[in-house]
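Pulled from Swiss-Prot, these are the features on record:
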- 1-34: transit peptide (TRANSIT)
- 115-135: transmembrane segment (TRANSMEM)
- 150-172: transmembrane segment (TRANSMEM)
- 185-205: transmembrane segment (TRANSMEM)
- 208-225: transmembrane segment (TRANSMEM)
- 277-297: transmembrane segment (TRANSMEM)
- Ser292: active site, nucleophile (ACT_SITE)
- 299-319: transmembrane segment (TRANSMEM)
- 321-341: transmembrane segment (TRANSMEM)
- 350-370: transmembrane segment (TRANSMEM)
- His351: active site (ACT_SITE)
Amino acid sequence: MCISSSSLLCGINSLKYASNRVGILIPPFQTASSLNIFRPYVIFSRSHRSLSSVDVSSPSLPLREHLPLKNVYSQVPLLPVWSPIPKGPRRFLLPPKFHYRLSPPPGEFKSSPRVAIMVAVIVCLVNGVVFWHWDLARDEAIRLHDFKRFRFMMTHAQASLFNLYEGRWWTLVVSIFSHQNLAHLLVNCVAIYSFLSIVVYKFGVWKALSVYLGAGVFGNYVALQRMMNEENPFATLPNGPTKVWDLLFPKGPYPPISRPALYLGSNPEYGPIIRTATFVPQSWATGLLGASGAVYATAAIFACLFPYTEFFLFFVYPVKAGIFMPLDFIAEYVLCLLNYEKKFHVAFDAHVSGTFFGVVSSLFLLPAMWKRRSLYCVGIVKKRIWSNKAKA
């Protein structure tokens, strides 16, 4: 039912609608007098930069977009209509920078900036405390030849196949907060402060931490599965474990294997405390350390939310999130296929798994945004097809 402009009597309260187009959706009305139940409220401009305090009953507003459902008076039903094809010609398939349809709707942040920063700082502090214990354990092992603390960290703070074999499943989580050296710790902490704070600000503390820890565990699982495929001492047994899942949930008692000696990989810095393990494959004694899978997941969610946002890589190179993350995913996936993990001592498969986990998580966290993007892209493609047919 259409409403003529002459029946709308209420005016605009300090409208700032000069260059930024603002759109709302007017619900269906029975009579023109029903407009009196509306109240003025603040809406965001399409550029996300300015605010406009307007009256919803103003006849000057285009009836095109919609605001979040919670901002409209609860007694009035909404008619969720969306036009996927924008007005005006387009030269490129991708929309311009900071386009409204590729960004999440404003005003839907689940946390405050102070809480988001506090959560990121707490995660960084936990990483620092765990790294301090690792450094203290290495120092005691090298200088004092006291391996008690070092053996405890190797047993409970790193993810390895042998730890899972002995039932220490929590190492999949604790290893996310462990790091190899100071450079590894600093790089991950900078990334955590940059990306995790934004994810917490957008989705809230519990959802953000669930994605963070879930991506870290998933990355460790994929990397350990790759190690298990390389060397498996139980491969010849009829009921032996063939997957990491079998170690987490054993079907029955497996044959005992000898305990590995102190082992920290092939880093020459810790040569004096490295020992070879008897009857235990190297891949089973090698542990995984680091929060790279979780960090890549938060970076992937950030790229999905704000693909045209630029950030400085290593504080030097400005890159766009929507361009850098796909290129990095392809590069690390190629390195996984070429088996460069042992050469660089980097779990590239954990990075790839974390990125994949972040993208899939964004599909569940913001389904409306992905639906809007798909409709928008389909509309552009159809419009191009129709224009080409018209020219032909």
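The backbone N, Cα and C atoms fix where each Cβ goes, and this holds for glycine too.
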Any contact between the transmembrane segment (321-341) and the transmembrane segment (208-225)? By contact I mean 3+ C-beta pairs closer than 8 Å, pairs at least 6 apart along the chain. no
Select the range from 115-135, 150-172, 299-319, 350-370 that forms the most Cβ-Cβ pairs under 8 Å with the transmembrane segment (208-225). 350-370
Of the listed stretches (115-135, 150-172, 350-370), which one yields the highest count of Cβ-Cβ distances below 8 Å with the transmembrane segment (299-319)? 350-370
Highest Cβ pair tally under 8 Å against the transmembrane segment (185-205), stretches 115-135, 150-172, 350-370, lands on 115-135
When you measure from the Cβ of the residue listed as 'active site', how many other Cβ atoms are you left with inside 10 Å? 27
Provide the three-state secondary structure of His351 (active site) computed with DSSP. helix
